[in-house]
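S.K.: Please see the structure below; I have some questions.
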Amino acid sequence: VHLTPEEKSAVTALWGKVNVDEVGGEALGRLLVVYPWTQRFFESFGDLSTPDAVMGNPKVKAHGKKVLGAFSDGLAHLDNLKGTFAQLSELHCDKLHVDPENFRLLGNVLVCVLAHHFGKEFTPQVQAAYQKVVAGVANALAHKYH
């Protein structure tokens, strides 16, 4: 991902304020509610029958935290996203058979959740930088599919 020094600074400054536990669960939960077909990958998570059930599900929250932990690793290695996400790409492709389009959807949901949490601080410039990052992460996660 090519970010200007200003974009990198904006991304890392905002990320330092992110509550990974809260935002991770919310982002994954929203993905499962807004794109219900993604729930098929999480059948072992129990009750996902209503938006409230999804958003309150402890397994959704725990996995969302795990997902954002991996995203944090990616932010620390923006110049090597394919290497950083190689094992996760292989896992999601070969073992879990996740449609790589879901990575793009989750990235877009994450941007929406960040905008909601940070309001005016999530300026158009910050959003543009985050869109680049989530697109880069989605491409890295889809790498083994090509």
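From the backbone N, Cα and C atoms, a Cβ is placed for every residue, glycine too.
Positions annotated as heme b binding site by Swiss-Prot: HIS63, HIS92. Taken from Swiss-Prot, the feature domain 'Globin' covers 2-146. Here Swiss-Prot flags VAL1 as N-acetylvaline. Under the heading phosphothreonine, Swiss-Prot lists THR12. Positions annotated as phosphoserine by Swiss-Prot, on the basis of similarity to another entry: SER44. Marked as N6-acetyllysine by Swiss-Prot on the basis of similarity to another entry: LYS59, LYS82, LYS144. Per Swiss-Prot, S-nitrosocysteine is recorded for CYS93, and the stated evidence type is similarity to another entry.
Locate each feature and note its surroundings.
M.R.: In the three-state DSSP scheme, HIS63 (heme b binding site) is classed as helix. Taking Cβ-Cβ distances under 8 Å and a sequence separation of 6 or more, the neighbours of HIS63 (heme b binding site) in its chain are GLY24, LEU28, PHE42, PHE45.
Around VAL1 (N-acetylvaline), a 10 Å sphere centred on its CB holds 19 further CB atoms from the protein chains shown.
Within 10 Å of the Cβ of THR12 (phosphothreonine) there are 14 other Cβ atoms, across all protein chains.
Residues within less than 8 Å, Cβ to Cβ, of SER44 (phosphoserine) and separated from it by at least 6 positions along the same chain comprise LYS59. SER44 (phosphoserine) falls within a helix when secondary structure is assigned with DSSP.
Secondary structure at CYS93 (S-nitrosocysteine), as computed by DSSP, is helix. The number of other CB atoms found within 10 A of the CB of CYS93 (S-nitrosocysteine), across every protein chain shown, is 17.
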S.K.: Per DSSP, what is the helix/strand/coil residue tally across the domain 'Globin' (2-146)?
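M.R.: DSSP composition of the domain 'Globin' (2-146): 120 helix, 0 strand, 25 coil.
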S.K.: Rounded to a whole angstrom, what is the C-alpha distance between VAL1 (N-acetylvaline) and CYS93 (S-nitrosocysteine)?
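M.R.: VAL1 (N-acetylvaline) and CYS93 (S-nitrosocysteine) have their Cα atoms 22 Å apart.
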